[in-house]
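Worksheet: the structure to be examined is printed underneath.
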């Protein structure tokens, strides 16, 4: 089952190896959903603050384990965040199964959808440089679509986009939620968290917890955007060139 899933994860993870030597200078998030068929799906993901792994997500449907590896949220707050992530995963799977029932002749398994997003602050000596923010989506290991934060526009990951990619881009670029809210999350929420974390990284207490809580809520918003990407994929031959 995982012969295609795990190699893809390993291909995406080196992005974290490019994090700046200062562990607080970048935040990377990764989610991968592997659909063996209409009944079996396995999720895996993580969040890293520089070289520090902060969150992990792994497991088959109905038994996904989500962990925060750093004590930035109190138990009650983390329980709400974890519940939100579990709800998202359930809705994501339901969406795929719904489209499969409606377009069964166009859906081909296995299928792997991966999402990588985050932000990086420039080195201090790079005067005038702006933070680097990104949101990239791949299907079966190939670049599918990516987000241009400056213009809040989604673009194809290929010079010759398929009909599936064009359909997906049309959907993602049609709504404020998938454009300007994402732009705000990447350019403001994510970057401000890193800047605040650098200022308070030697301090312990609720300040960091509150900051990270708002970031996790932003991650949830990003996760729902992945569901929008899935709609485009499954509505047009499941990501195959068409």
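The backbone N, Cα and C atoms fix where each Cβ goes, glycine too.
Taken from Swiss-Prot, the feature signal peptide applies to 1-17, supported by sequence analysis. Among the features that Swiss-Prot reports, topological domain 'Extracellular' is placed at 18-214. According to Swiss-Prot, the feature N-linked glycosylation site maps to 46, 63, 140, 166, 176, an assignment based on sequence analysis. What Swiss-Prot lists as disulfide bond is 119-190, 223-236, and the listing cites similarity to another entry. As annotated by Swiss-Prot, transmembrane segment applies to 215-235. Annotated topological domain 'Cytoplasmic' per Swiss-Prot: 236-242, in sequence order.
Take the CB of residue 140 (N-linked glycosylation site) and look out to 10 A: across all protein chains shown you find 17 other CB atoms. Nearest neighbour of residue 63 (N-linked glycosylation site) by Cα distance, taken over the recorded positions 119, 140, 166, 190: 140. Taking Cβ-Cβ distances under 8 Å and a sequence gap of 6 or more within the same chain, the neighbours of residue 46 (N-linked glycosylation site) are 29, 30, 53, 55, 56, 57.
Per-residue pLDDT, averaged along the topological domain 'Extracellular' (18-214), amounts to 80 for this model. With residue 119 (disulfide bond) as the anchor, the candidate glycosylation sites are 140, 166, 176, and the one with the nearest CA is 176. Per Cα geometry, 176 is the residue among the glycosylation sites 140, 166, 176 nearest to residue 190 (disulfide bond). Across the glycosylation sites listed here (63, 166, 176), the residue whose Cβ sits among the most other Cβ atoms within 10 Å is 166.
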